[in-house]
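*Asks:* I have a structure I would like to understand better, so I am pasting it below and will then ask my questions one at a time.
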Amino acid sequence: MGIKGLTKLIADNAHGAVKEQKFENYFGRKIAIDASMSIYQFLIVVGRSGSELLTNDAGEVTSHLQGMFNRTIRVLEAGLKPVYVFDGQPPDLKKRELAKRFARREDAAEDLVTAKETGNEADVEKYSKKTVKVTKQHNEDCRKLLRLMGVPVVEAPSEAEAECASLCKAEKVFAVASEDMDSLTYGSTRFLRHLMEPTSRKLPVLEFDIAKVLEGLGLNMDQFVDLCILCGCDYCDTIRGIGPQTALKMIRQHGSLEIVLENLNKDRYQVPDPWPYQEARRLFKEPLVTPPEKVPEFKWTAPDTEGLRQLLVEENGFNNDRVMKAIEKLKVAKNKASQGRLESFFGVSSSSSNKRKEAPDSEASAGKQVKTAAAVKPAKAASKKGPAKGGKKK
């Protein structure tokens, strides 16, 4: 779910905090990518026709493999250095949200049956997408694929967004890429949206700078966390009647959730019971993550050609010629990515360059500040096209 209404709130109140960037501006940069979010996007869009998805001969869905394979090659071709971070065990406080998602999928499944009976194709596609769930098998398939591609994989002990933010704060990566805005709530210094969007949509990457977000909103980090909780997050329901703008006004006026609650008009606003905002705050400020010093050095290695062919062609029915051509593209892309950014030739380490609060001049000049909420929209799709296709419609 992320943080309700946060994208528009930032666009309306902290214009300088968001810049439009070209995909290629991140050449040589290490980017932590929320793997589960990417897989979800691929399952929603890749190879989909109504309620049908790409499958192998055993009837197992392969859309996630095709999407991950093709998009990762595209990322590497642009010279980026992706690090995919996978979710671990969710916090207990998230169980209520997960239960709600399960119920929504169940409702969507019933609506899907009705849509199929009435022959309404638009509703069939709509409700089919709402039934999508990223499974353990989907995650395992993609972990295996990425390792065969020679791309680093991180397994978070809990929330992937928190692990990504920790890597970013520790300067292990330059930025975090996801579509969930709670990456900012966890403290990511740089946050990217639309990085995994298909090239065909021609959407710029949106780069959020947390320091400028705080400056624009007039809050410190503790107050920003409280704002996100008040807006509505995975750990706490919203308070009916309090939208993002009202939440910002209240936090600016009172400074903390405790004082907001003390001064809240109880006749007008009903606080959910329970409303565990203190535990939610703790999870955002002190999440369960791998200590940065224990994270191994990231390495991008040569792809395992035979392993990829076995997984994609033999096990999942991908076209052999397309896969082999894609692997050649992957090898070329790996060589390009290994060149690194220009500063590396002058002895500047990646961690040193990350300490700058703003992007290099070449990137800043290419970036374009986002000034309207309309320019900041959530991603809706993953790539439909790529160098390798496999499977058949389910």
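For all residues, glycine too, the Cβ spot is worked out from N, Cα and C.
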*Asks:* Looking at Swiss-Prot, which one out of D34, D222, D226 binds Mg(2+) 1 in the same site as D87, E159, E161?
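*Replies:* Looking at D34, D222, D226, the one Swiss-Prot places in the Mg(2+) 1 site next to D87, E159, E161 is D34.
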*Asks:* Can you identify, from 284-292, 293-301, 338-346, the stretch that Swiss-Prot calls region 'Interaction with PCNA'?
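*Replies:* Region 'Interaction with PCNA', as annotated by Swiss-Prot, spans 338-346.
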*Asks:* Which single residue out of D141, D209, D234 does Swiss-Prot record at the Mg(2+) 2 site shared with D180, D182?
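*Replies:* Record check against Swiss-Prot: Mg(2+) 2 site with D180, D182, extra candidate from D141, D209, D234 is D234.
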*Asks:* A 10 Å Cβ contact count, applied to the binding-site residues D34, D87: which residue has the minimum?
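*Replies:* With the binding-site residues D34, D87, fewest surrounding Cβ atoms within 10 Å: D87.
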*Asks:* What's the CA to CA span in angstrom from D234 (DNA binding site) over to D180 (Mg(2+) 2 binding site)?
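*Replies:* Rounded to a whole number, the Cα-Cα distance is 11 Å.
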*Asks:* Among the binding-site residues D34, E161, G232, whose Cα is within 10 A of the Cα of D180 (Mg(2+) 2 binding site)?
*Replies:* D34, E161
*Asks:* Between the binding-site residues E159, D182, whose Cβ has more other Cβ atoms within 10 Å than any of the rest?
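*Replies:* Its Cβ has the most other Cβ atoms within 10 Å: E159.
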*Asks:* Between C-alpha atoms, which of these binding-site residues comes nearest to E161 (Mg(2+) 1 binding site): R71, D182, G232?
*Replies:* D182
*Asks:* Taking every residue in the region 'I-domain' (123-254), what is their average pLDDT?
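*Replies:* Mean per-residue confidence for the region 'I-domain' (123-254): 92 out of 100.
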*Asks:* Counting by DSSP, what is the helix, strand and coil composition of the region 'I-domain' (123-254)?
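*Replies:* Across the region 'I-domain' (123-254), DSSP assigns the residues as follows: 69 helix, 15 strand, 48 coil.
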